[in-house]
Amino acid sequence: MAIVQTLPVPLEPARETATAPQTPAMGSVSSLISGRPCPGGPAPQRHHGVPGPTFFRQQDGLLRGGYEAQEPLCPAVPPRKTVPGNSFTYVNEDFRTESPPSPSSDVEDPREHQAHNAHLRGPPPKLIPVSGKLEKNMEKILIRPTAFKPVLPKPRGAPSLPGFLGPRAAGLSGSQGSLTQLFGGPASSSSSSSSSSAADKPLALSGWASGCPSGTLSDSGRNSLSSLPTYSTGGAEPTANSPGGHLPSHGPGRGPLPGPARGVPTGPSHSDSGRSSSSKSTGSLGARVAGGLLGSGARASPGSSSGGDRSPPPPPPPPPSDEALLHCVLEGKLRDREAELQQLRDSVDESEAAVCQAFGARQRRWPGEREDCASHAQQATQRVQRAQQLLQLQVFQLQQEKRQLQDDFAQLLQEREQLERRCATFEREQQELGPRLEETKWEVCQKSGEISLLKQQLKESQAELVQKGSELVALRVALREARAALRVSEGHARGLQEAARARELELEACSQELQRYRQEAEQLREKARHLDAEAAGLREPPVPPATTDPFLLAESDEAKVQRAAAGTGGSLRAQVERLRQELQREQRRGDEQRNSFEGERLAWQAEKEQVIRYQKQLQHNYVQMYRRNRQLEQELQQLSLELEARELADLGLSEPAPCICLEEITATEI
């Protein structure tokens, strides 16, 4: 068995992780409930601490649920052991069940607290998220968390025991129907722990008288009993091995209780999580008085060692009277309350352990959750700020657009007023111009007749102008052709003059050559005569010089003459042949030049004729283009006149008024 360690619960979640608290002092609920000894021996002495603040709300109301079987009004109460009223409570290992982990605890919490909570064989029972009273269904082991409500002290007084227990007894009888239904009948498999134990326990009035001789309770005891919540159980497992009103103890190795199939609940169910803390706030005096009240039936037990030195039980009482019957009924109720409180204590122990574990897990999770909440809040604040800035920007833009639209609307209104004024002005002008328009129409009709006459004259003048223009163009073309022919003839004349000058130059050159040839021929004739004279002189025997060539001296005279004549005649013939060749060469060169001159003249003549033909064709094309342009202009003018006449007809004029250029009209002689 282990001591339940309760933690103070602050109103605001702490940022630090939950640390292991010291061993707290238990309230007066533990002192009013007779404790059960440990399986191995008596409970060791433990020091008491200052009672912690009560954070859990006291469960108010009457006991719900009833006994299914009746029992005798004054059952025999066997001797039972009494435990001194201590301010601590043991965790009930007998009713520890293998329940799933609490929804508010993490998955790894049982592993983290395995060493710290080694006395528990399984995870704590579930917490119901909705607080409330105990329900009849004991099959599900669930604990409902409740709000914290401290115990309010009642005014001091000394009420009698019937007056102290009267309201609750009346509530029980009112909810159950009758005392016979509460205590009568045999116990069934699903009856409560008090009804099952009451069938085997005799009632000792002497124990009641010795336990509470004055019939009064102290303030702390009364407050403790009055602050106890109503509790309804579906029954506990009856056993013949457990003496008194104690619940069966299975021990650490026997496992959980049997299931609902045997009519026994699996453990305490639907108890408030703050009952143990609220019961710890009562004083020690109430604990001693309640211990005397609840321990009266156990003084007769020979094995009782926790009650201390007390007086022996008195002799059996006489036959029960009304008062004795009332005392019996009240003691039976008190025994039932003791059984209920015992089961409530077990439930509160397990609930407190589960609440401690859940609170420790939640307290460890709180800093992270607070950081997450702070980060989420910061992100939400940033998003809200951004959204607010965006909304402000949109509002500013919409305001600007609204102002701009208002300005545009005002401007449009002004423009509308101006247009309305202009429309009114136009209407007035139209009314004023109506008669003037009629006069203008008559004037236009008169002018249209004059214009038609002027138009006819203009057409005639334009036809004459076109004819004169065509004649002028023809004359210009003829002039151009004449000028071109003149230029051609002048060019031809210049070419002929140049050719003549070239011929003259060639003739001069030829005459100069001929003169030179003649001079050379004269010179050759003179040389020939001179040579003839020399030859005649040579025919005479020459006088030998004083010094002659010995070879010539040996030669005869005839040989000398023949040799001299042969040398002179050979040189002349060579010169004549050379002159003949030069003359033939000059003749051939002159013929070639004459042929080239003739070819060039023919090519120039052909090119001149081709240029003349191209110029004539170009002039003819120019004349045709000019005539075509004039024709197109006339057609365009005719179409424009027809269009103007159609427009005037559409306007409603009697006679169309052709549009005539004023310059042409003024330039035309009427």
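The first residue you see is number 1, and the count goes up from there.
The backbone N, Cα and C atoms fix where each Cβ goes, and this holds for glycine too.
Note that the structure is predicted; figures quoted are calculated from it, not measured.
Database features, via Swiss-Prot:
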COMPBIAS  187-199  compositional bias 'Low complexity'
COMPBIAS  213-233  compositional bias 'Polar residues'
COMPBIAS  242-251  compositional bias 'Low complexity'
COMPBIAS  260-310  compositional bias 'Low complexity'
COMPBIAS  311-321  compositional bias 'Pro residues'
MOD_RES   S249  phosphoserine
MOD_RES   S296  phosphoserine
MOD_RES   S571  phosphoserine
REGION    1-333  region 'Required for centrosomal localization'
MOTIF     632-641  motif 'Nuclear export signal'
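For S571 (phosphoserine), the count of additional Cβ atoms within 10 Å of its Cβ stands at 12 [all protein chains shown]. S571 (phosphoserine) falls within a helical segment according to DSSP. Looking just at the region 'Required for centrosomal localization' (1-333), the mean pLDDT is 44. Counting residue by residue with DSSP, the motif 'Nuclear export signal' (632-641) contains 10 helix, 0 strand, 0 coil.
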